[in-house]
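Asker: Before I ask anything, let me first share the structure, which is written out below as structure tokens.
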């Protein structure tokens, strides 16, 4: 017999549905994601730390879950909100149903609610704090109180919470349909040594760097610039991650040192915002952010439109860009800044996710540009 669940927003709106995950209470910022596929990649993306994810596509769970599709070692989203959970997961790769997957990691989830209504509320009022309660004791008053108590993501440094505790090497390339996940590559196949800061890095980013010949040393978020320079890298990568970039002063200061030393730097998502802050720009909290795999972005240099994967609630403010930063990409949804490039240093960044997972690969050539900068710097 299905257990009940409820979602309460901080404005007092209540949604009643059925539990599809673990029993318990979960609090976070409620956001909506418009991706039709890739729910497992979304749930395991560390960028969703302290967020409750609403998926707007009505049927979620059709393909079950598989360990090969995880973007990190565990689910980082605080909870999941969907319209309908299919009774059958049809996929030859599936290892576990979505419901069992949520329960195995003690994640709450709610289904059978009007996700279109919820999305309209978030779109019109902005991202709200919320609380999911699942199980036998559904206390609306308690849920509302907990939603109102949640401090919100502005000013919250989450990168140091989700980062790796110790540095490690990564040499595994991308998954293929024919071979699955490959064995680690030999150093002879990886001519470029790149230090990757883990602010909440997705595995597919690391794999796409390896595909292009990068031998990765992945380091904790608070690793000093001096420790990184001692590794003698050919380039530095700044990963995606959750929370507000402004409190990440350790990363901002380290990035300033890399820029002063002329090292090639490539940032994605939070890493993009870190590069902007290190270069003198400012960041802002967005009304409801960008979350989905169908976002059109204009490449200003090539005058073409890309369809991209997005997941961010903060953005670099184009109005604050200093003279040494030029805009390279803008969102065609709201005109917000999507990409920057230093005019005086081999450093650039992109707000979206060129590694996709899930999503299109239109922006994947950005990885190639990073390799070009490394080659030019090494010449």
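Every residue gets a Cβ built from N, Cα and C, even glycine.
Because the structure is a prediction, the values reported are computed rather than measured.
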Asker: Since Swiss-Prot lists 241, 243, 270, 273, 311, 313, 314 for L-glutamine, which candidate among 47, 67, 72 does it give for that site as well?
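Answerer: Checking 47, 67, 72 against Swiss-Prot: the L-glutamine site match is 47.
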Asker: In sequence order, which same-chain residues at least six apart have a C-beta under 8 angstroms from residue 314 (L-glutamine binding site)?
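Answerer: Correct list: 244, 245, 273, 283, 284, 285, 286, 289.
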Asker: How many whole Å apart are the CA atoms of residue 270 (L-glutamine binding site) and residue 355 (active site)?
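Answerer: A Cα-Cα distance of 14 Å.
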Asker: By a simple count, how many Cβ atoms lie within 10 Å of the Cβ of residue 243 (L-glutamine binding site), its own Cβ left out?
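Answerer: Cβ-Cβ neighbours of residue 243 (L-glutamine binding site) within 10 Å number 26.
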Asker: Measure from the CA atom of residue 269 (active site, nucleophile) to the CA atom of residue 313 (L-glutamine binding site) and give the result in Å, rounded to a whole number.
Answerer: 10
Asker: Within 10 Å of residue 241 (L-glutamine binding site) (Cα-Cα), which of the active-site residues 269, 353, 355?
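Answerer: Within 10 Å Cα-Cα: 269.
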Asker: Once the chains shown are all counted, how many other Cβ atoms turn up within 10 Å of the Cβ of residue 241 (L-glutamine binding site)?
Answerer: 33
Asker: In the predicted model, what is the mean pLDDT computed over the region 'CPSase' (1-189)?
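Answerer: Taking every residue in the region 'CPSase' (1-189) and averaging pLDDT yields 97.
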